[in-house]
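Reading through the structure tokens given below for one structure.
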Amino acid sequence: MFNDPESAASQTPMDIRQGHLDHMRSFSLLGFQESTSASTAATMRAELNKMVSHIDEPSYQKAFASEMGRFHELFCRYMAERSKNQKLNWKEVKSPSSETIIPYSKLEKVTSKDALSKLAVLKLNGGLGTTMGCVGPKSAIEVRDGMTFLDMTVRQIEYLNSENDVDVPLILMNSFNTDVETKRLIQKYTAQELKIMTFNQSRFPRIQKDTLLPMAKDHIGRPSDWYPPGHGDLFESLANSGTLDALLEQGKEYLFVSNIDNLGATVDENILNHLVKSGAEFIMEVTDKTKADIKGGTLIEYENSVRLLEIAQVPNEHLEDFKSIKKFKIFNTNNLWINLKAIKRVVENQELSMEIIVNHKTDENGEKVVQLETAVGAAIKHFKGSHGINVPRSRFLPVKSTSDLFLITSDLYKLNHGELALNPKRLFGSVPLVKLGDHFKKVNNFLTRFQGPPHILELDHLTVTGDVTFGHDVVLSGTVIIVANFGSRIDIPSGAILHDKVVSGNLRILDH
């Protein structure tokens, strides 16, 4: 079907799209150096064609064919790079210049209702809460005072709109894993003065590692046969869903993008004003790297352009250089400010060619699979005037684990109109290092082990392993290490004060 030359009438929409791509980009896009790579790409195309042919409904067939066309294009790029054994030229990797990274402190402090009226906020909402033991979208996890990630986001933007008399819409980019439940959840906000829009990112087939064939055998398949291809899919999905044109028709010109689990990613009018006045089409918020951030992507200068460098792209022999805080001092927060008209241009001109992240997984049956993904920040090289802004650490408050949740729920932060701010009573600008063991890994287990959030305003470091519970009004300060050995249990009583303490063994204290 893809390569049937007999008649245009016999071609699927996927064939037509592929023919257009072949004509526009020629076979140099594929760049295969070995016949085996070309054969593998052709076999993949045939398998995808079979999936398309099994769909009877014309509009769905057209949409699915277009989606598989984008996947096949990504697969061909992957095969081309693999056959050429293309690697990053480490000699060309340079730390960003002072013009590439602007300190937040140098931004003009302004409020512009005009700029806000042209802004839309997009939250990346494709992730599940499985790593924290939850079912459904991660955005539905309660994180503070009975509010979920989604509740806090809605409250922030609702307050922003009411205070400035503007209409900033909230857009949620869902995945096929989170779409149905998210649409159900947002029904409770219908009475709020806030416009909420949703769209789905692409659904690509996982690839069998050994055969390089799609796991799915038809357009339905098993849920585990498919995956959302990373947030780099944002641009094309935003356009293909019609959401991009809808925003432009509403007079929106700027888009603030962030992960929904980053509670520090709020609308910052100083950065928005800088985006408008500088004429930059793409701004990435970066912040100073610590030892906890050594795996985070960083901005570099490579072959005379600004690039995002992810750890997956780094040759093994240079991994320690990449992790070095001295060589690469900042990392990407994934808070991005992008010009909407520029997004429309790069998508329509088919300019996007983001670095491929090869993600190796094992499926539910133990089979080795490959996922080809891209990162949204990697698109920075395709936009004019792109640069980074080095923001305070307070704009990066991700909740990836219950150790992060421990900090967010404590008295270390104050909650105001959905925004978290470091408690002014905290004498240090940094947050404590917290490591909670496997007994705390799942949210439900975590919650049952605390009668109330501990007081940690003067805490530097906390490590807890084993079967440990905390009473209410426990005070932790300095460095505290609590270790319950296998078969033992430690109960920290209510009102206990632990300052620079190591607690181990077996301790059962009952409150009366």
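The backbone N, Cα and C atoms fix where each Cβ goes, glycine too.
Annotated features in TrEMBL:
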BINDING   Lys138, Gln201, Gly230, Asp261, Lys400  UTP binding site
BINDING   His231  substrate binding site
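TrEMBL feature annotations superimposed on the structure.
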{"residue": "Lys138", "record": "UTP binding site", "Cβ neighbours (10 Å)": "25"}
{"residue": "Gln201", "record": "UTP binding site", "Cβ neighbours (10 Å)": "26"}
{"residue": "Gly230", "record": "UTP binding site", "Cβ neighbours (10 Å)": "23"}
{"residue": "His231", "record": "substrate binding site", "Cβ neighbours (10 Å)": "24"}
{"residue": "Asp261", "record": "UTP binding site", "Cβ neighbours (10 Å)": "22"}
{"residue": "Lys400", "record": "UTP binding site", "Cβ neighbours (10 Å)": "14"}
Among Lys138, Gln201, Lys400, which are recorded as binding-site residues, the nearest neighbour of His231 (substrate binding site) by Cα: Gln201
Span of the UTP site, taken as the largest CA to CA distance across Lys138, Gln201, Gly230, Asp261, Lys400 (Å, rounded to a whole number): 21
